[in-house]
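Presented below is the structure to which this report refers.
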């Protein structure tokens, strides 16, 4: 909870209060969590709901109090941030591919020229091997999908 801003805590308090409006004890049970998940288009099983609660149930009560709710929301925010990282990587891969693919037909000769231009002593057979490994449809070019697949193994 200490990682949250006052504004985030305030927003989470408002959401928490909606969650517990029907609850007699002021905490979120699997029943309340299930209702909200269904409103969000999810259809978790009772087991799924219990596991979600257990992940943040610090005091072992079987329900989620406000502090535990904040922990759950903070973890959700972190997961969303981490999900953005592949988007940035995808954008970088796309930009790199565009830089290599000068004539718009995929990269083949361009890859060889780019590797030669690095100043590294890259042997022709090494470039040929990279092309053979990356060129899944055997058209002597690396298209964008093949490029992305190839780069995943590089990282």
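Each Cβ is built from the backbone N, Cα and C atoms, and glycine gets one as well.
Feature annotations, courtesy of Swiss-Prot:
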- 1: N-acetylvaline (MOD_RES)
- 7-43: domain 'EF-hand 1' (DOMAIN)
- 44-79: domain 'EF-hand 2' (DOMAIN)
- 57, 59, 61, 63, 68: Ca(2+) 1 binding site (BINDING)
- 88-121: domain 'EF-hand 3' (DOMAIN)
- 122-155: domain 'EF-hand 4' (DOMAIN)
- 135, 137, 139, 141, 146: Ca(2+) 2 binding site (BINDING)
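Taking the features listed in Swiss-Prot, we show where each one sits on the structure.
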residue : record                : Cβ neighbours (10 Å)
57      : Ca(2+) 1 binding site : 18
59      : Ca(2+) 1 binding site : 11
61      : Ca(2+) 1 binding site : 13
63      : Ca(2+) 1 binding site : 20
68      : Ca(2+) 1 binding site : 21
135     : Ca(2+) 2 binding site : 18
137     : Ca(2+) 2 binding site : 11
139     : Ca(2+) 2 binding site : 12
141     : Ca(2+) 2 binding site : 19
146     : Ca(2+) 2 binding site : 20
What is the separation, in Å, between the Cα atoms of residue 68 (Ca(2+) 1 binding site) and residue 146 (Ca(2+) 2 binding site)?
44
Which sequence positions outside the domain 'EF-hand 2' (44-79), separated from its termini by at least 6 residues, show Cβ-Cβ distances below 8 Å to it?
1, 3-4, 8-9, 12-13, 15-16, 19, 25-30, 33-34, 37
Taken over the domain 'EF-hand 2' (44-79), the model's mean pLDDT:
89
Pairwise CA distance, residue 141 (Ca(2+) 2 binding site) versus residue 63 (Ca(2+) 1 binding site), rounded so that it is a whole Å:
56
Same chain, not part of 135, 137, 139, 141, 146: whose C-beta falls within 8 angstroms of the C-beta centre of the Ca(2+) 2 site? Give them in sequence order.
106, 134, 136, 138, 140, 142, 143
Other than its close neighbours in sequence, what residues sit by the domain 'EF-hand 3' (88-121), given a CB gap under 8 Å and a spacing of at least six beyond its ends?
127, 130-131, 139-144, 146-148, 151, 155
